[in-house]
Each structure stands twice: as structure tokens, then as C-alpha cells.
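Presented below is the structure to which this report refers.
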């Protein structure tokens with residue numbers, strides 16, 4: 001399963017990279033570049049027209065861009081049928097993100113009837129095209145036994161491959177499996193290495209997982225200041241647990257001088273990003289502003305529960 005915001009931003013970043021990468025001067029690629037330029041200007045009408053032309057000229061990334069616009073209603077009326085149509089066309093033209101998007105829609109039932117066999121089919125196609133999102137999604141499905149028989153070995157294999165394809169979310173998941181001994185022998189060194197790689201790839205959860213190892217001194221020398229910096233990085237990458245952990249450290253004075261104002265600010269950030277622990281602490285702050293209750297939620301949290 002790909003979180004909707006994760007999939008959307010991964011698509012946007014990929015498509016922007018495609019725009020600035022070296023492109024052979026074919027007509028389809030020219031239209032794709034013109035579409036991206038129109039999109040930047042907020043000229044959605046021209047963007048759609050140029051993406052359609054590039055798609056009709058067998059530019060898979062152009063079809064995928066159209067699919068994304070129709071799925072999310074970005075500058076056009078949301079139309080799931082059109083999104084599926086263009087994603088399918090993009091996938092057939094060997095664009096791995098189009099395959100991943102179809103897989104996600106069928107796995108989650110987003111605008112289509114939930115269909116695990118179809119989800120697996122499209123994820124496999126995307127993974128075969130060396131798409132990290134698809135390989136990582138297959139890893140999650142095998143780990144959870146979603147639509148397939150639970151198989152930790154396959155989950156680890158697909159997740160490792162996804163990590164090697166620079167999908168940071170899967171690096172964090174591989175680290176989690178080694179840290180928690182899920183289907184493998186516990187190995188904190190391998191966990192640490194994967195968390196580092198994921199954080200380097202700008203996956204916020206990986207930064208939080210790495211920070212947790214430094215805070216607890218698990219296979220590394222305990223370093224609360226380093227932990228705080230990693231939690232801050234996770235927070236800046238929109239990982240709510242990172243914001244929460246920064247708040248806790250400012251509240252308790254771990255890794256930095258105690259600062260209740262900063263603590264409250266980071267609790268608010270964590271809550272805004274959907275981290276329930278931060279929201280619960282804020283409720284307490286609202287009721288007892290002069291006496292912040294220290295409960296079970298007011299502890300640092302590992303990113304993967």
C-alpha cells in the first residue's frame with residue numbers, strides 16, 4: 001500500500017526530474033517538456049493538451065502525468081476512469097510509476113473495486129521495470145499477507161531490492177525487519193545501515209528510526225544530540241513521529257536545554273502531520289497549560305510500530 005500523499009509526491013518529484021533530465025529531441029518529448037512548463041505556470045488547459053499529445057506519441061511518462069492529474073483532480077475535474085485509462089496506457093509503455101499507481105488503486109480500492117490479484121499484477125510489472133515503489137509495495141503485501149500467503153523471506157527480498165532502487169521507505173522497512181527480527185535473525189548493524197540509507201534518500205521515517213538507535217544507544221554510542229538532529233530531519237521530511245520526538249526531547253531536556261515553548265511547537269507539528277501521540281499531549285496542554293502531564297504518550301516513539 002502506498003499512502004496517497006506519498007504516492008502523489010513521489011510522482012511529482014519523478015515527473016519533475018524527467019523534465020530536467022537529458023531528453024532526446026523527439027516530438028513526444030518536446031510536448032512533454034511543454035506540458036511541464038505549462039503546468040509550472042498554472043496553465044492546466046495547455047498542460048493537459050500537451051500531455052495528451054506526448055502520450056499519443058507513446059511517451060509513457062506523459063500518460064502517467066495525465067493519470068495523476070485526473071486521479072487527484074489537479075487542474076482538471078477528478079475522473080478516476082480517465083486516471084485508470086492513462087495509467088494503464090503508461091504502464092503498457094513501460095513507465096513503472098504508472099504500474100505502481102494502478103497497483104495502489106486496486107490494492108486500496110481508491111476509486112475502483114478493491115482487487116488484490118490486479119494490484120499484485122501491476123506491482124509485479126512495475127517491479128520488473130525496476131520501479132522501487134512497486135517492489136516495495138510487493139514487499140509490504142508479502143509481509144502482511146495481503147492478497148498473498150504471508151512470506152517474510154519474499155517481503156525482505158522485495159524490500160531489499162526496492163531499497164537498492166533508492167526507494168527510501170523500503171530501506172526503513174528492511175531496517176525494521178532486522179531490528180525486530182521479523183523473519184530474519186536480529187541484526188542491529190544491518191538495521192543501522194538500512195536506516196542510514198533511507199535517511200540519506202530523504203525518507204523521514206528512516207531518519208526517525210536512526211535517531212531512535214542513537215538515543216537508545218543500540219549498536220552505536222548513545223548520542224542524544226545526534227538523535228535530536230535526526231528527529232528534526234525526520235520532522236522536516238513530514239514524518240510526524242519525528243516532530244513528536246523533538247518535542248519530547250525539548251520537554252525533558254534531552255539532547256538540548258529544556259524549552260517548553262519549542263516542545264509545544266513541535267507537538268503541534270506532529271499533530272498536524274497526523275501523529276496521534278502529539279495530539280493527545282496537546283489536549284493535556286490545553287487542559288493544564290501550567291502542568292504538562294507526563295503520560296505514556298510523552299515518550300519518544302520509534303517510526304515503525
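From the backbone N, Cα and C atoms, a Cβ is placed for every residue, glycine too.
Over in Swiss-Prot, the protein carries these features:
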type     : residues : note
DISULFID : 55-63    : disulfide bond
DISULFID : 91-99    : disulfide bond
DISULFID : 127-135  : disulfide bond
DISULFID : 163-171  : disulfide bond
DISULFID : 199-207  : disulfide bond
DISULFID : 235-243  : disulfide bond
DISULFID : 271-279  : disulfide bond
REPEAT   : 28-61    : repeat 'TPR 1'
REPEAT   : 96-133   : repeat 'TPR 2'
REPEAT   : 168-205  : repeat 'TPR 3'
REPEAT   : 240-277  : repeat 'TPR 4'
SIGNAL   : 1-27     : signal peptide
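Taking CA atoms as the reference points, residue 243 (disulfide bond) and residue 279 (disulfide bond) are 12 Å apart. If one looks beyond the repeat 'TPR 3' (168-205) by at least 6 residues along the same chain, the residues whose Cβ comes under 8 Å of a Cβ in the stretch are 6, 132, 135-136, 139-140, 143, 152-153, 155-156, 158-160, 162, 213, 218-220, 230, 233-239, 241-242, 303-304. Using a 10 Å radius centred on the Cβ of residue 55 (disulfide bond) and all shown protein chains, the other Cβ atoms total 25. By a simple count of nearby Cβ atoms, those within 10 Å, the most crowded of the disulfide-bonded residues 135, 235 is 135.
For the repeat 'TPR 3' (168-205), residue counts in helix, strand and coil come to 28 helix, 0 strand, 10 coil, using DSSP.
Cα of residue 55 (disulfide bond) to Cα of residue 207 (disulfide bond): a span of 38 Å. Each of the disulfide-bonded residues 171, 207, 243, 271 was scored by other CB atoms within 10 A of its CB, and the lowest score goes to 271.
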